[in-house]
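Chemist: First, the structure itself, so that you have it in front of you.
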Amino acid sequence: MTTLKGRDFISLHDWSRDELEEVLELAMWQKARLKAGIRDEPLKGKQLGMYFAKPSTRTRLSFEVGIRQLGGDALFLSAHDLQLQRGESIADTARVMSRFLDGIMIRTFSHREVVELAEWATIPVINGLTDEEHPCQVVADLLTALERFGTLPGLKLAYVGDGNNVAHSLMDGGAKFGMHVVVASPEGYQPDPARVARAQVTAARYGGLVEVVTDPVLAVTGAQIVYTDVWASMGQEAEAEQRRKAFAGYQVTAELMRCAAPEAIFMHCLPAHRGEEVAAEVIDGPQSAVFDEAENRLHAQKAIMTLIMA
């Protein structure tokens, strides 16, 4: 654990496979102890500042409950609670927060804002979500897949829909574990080509594969994991109708799920829009792992906080 103390958690690309395996192993261990009624407090007396420029159900619940289960405490900060909106620099904000806190979780729009905060902070910074990446979510996804299948290398994960922040982090995470990640998106909504190329290099190193296609059936065929996300993310509401038309053939339906492996599970980072990116019979059906996945945000983030803040 000492090797990771003080580290930032901004992108899965920044962490080695061994380090991510340590996160997953600790998450499973802590989860088992919690279920057994054993309470560990490795973060006793520690304070986590949670800055939310974008609101969230799962991110706030999992971080706030998580650090309290670990013996620490959390301070919620909205955009209205800080002076950033009035022109105070990120550098000054980071240096001030570092004097009061033991860690910072930030959920915001600009990825550059998180990177800059980490550059100036003298305490660990955790990326709770940006428009470019969602690493904590994908650690929870990997944990869920590991629990279901017992291993990660060789699994095929098909992501159907918008090539957004979740798709970027799934490519990074899947590549690190030698998975076959296929993203199916319409032209104009595919993942960032530079991030695809980066993930492909990583995948080749670990015996995996990362692909981008336009055909959902091709992507899903034989997959153990079928994943989707909303078609219009927070801040894209004005594009909602345009996106509904673009993604009309990308809904995860029962018919599409039949193309996947017999043991396939369905995953979604939530919130979900039933009848848009996923049919109700899929997300509410027996193959759905979405609520296990949501719970695993708690366990994944507890492990991350323990490793970098204890």
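Cβ atoms here come from the backbone N, Cα and C positions, even for glycine.
Okay, these came from Swiss-Prot:
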BINDING   SER56, THR57, ARG58, THR59, GLN83, ARG107, HIS134, PRO135, CYS136, GLN137, CYS269, LEU270, ARG297  carbamoyl phosphate binding site
BINDING   ASN165, ASP229, SER233, MET234  L-ornithine binding site
Chemist: List the residues in the vicinity of the L-ornithine site, defined as same-chain residues other than ASN165, ASP229, SER233, MET234 with C-beta within 8 angstroms of the site's C-beta centre.
Modeler: LEU129, ASP131, HIS134, ASP162, ASN164, VAL166, VAL230, GLN236
Chemist: Quick check: in three-state DSSP terms, what is ARG297 (carbamoyl phosphate binding site)?
Modeler: helix
Chemist: For the carbamoyl phosphate binding residues given in the record (SER56, THR57, ARG58, THR59, GLN83, ARG107, HIS134, PRO135, CYS136, GLN137, CYS269, LEU270, ARG297), what is the largest pairwise C-alpha separation in angstrom?
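Modeler: If we measure all Cα pairs in SER56, THR57, ARG58, THR59, GLN83, ARG107, HIS134, PRO135, CYS136, GLN137, CYS269, LEU270, ARG297, the largest is 31 Å.
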Chemist: Can you tell which of ARG58, HIS134, ARG297 has the least company, meaning the fewest other C-beta atoms within 10 angstroms of its C-beta, among these binding-site residues?
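Modeler: Counting other Cβ atoms within 10 Å of each of the binding-site residues ARG58, HIS134, ARG297, the minimum falls on ARG58.
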Chemist: Take the C-alpha atoms of CYS136 (carbamoyl phosphate binding site) and ASN165 (L-ornithine binding site) and report the distance between them in angstrom, rounded.
Modeler: 11
Chemist: I'd like the number of other C-beta atoms within 10 A of the C-beta of SER56 (carbamoyl phosphate binding site), please.
Modeler: 17
Chemist: If the L-ornithine binders are ASN165, ASP229, SER233, MET234 per the record, what's the largest distance between their Cα atoms, in Å?
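Modeler: Overall maximum Cα spacing for these binding residues reaches 12 Å.
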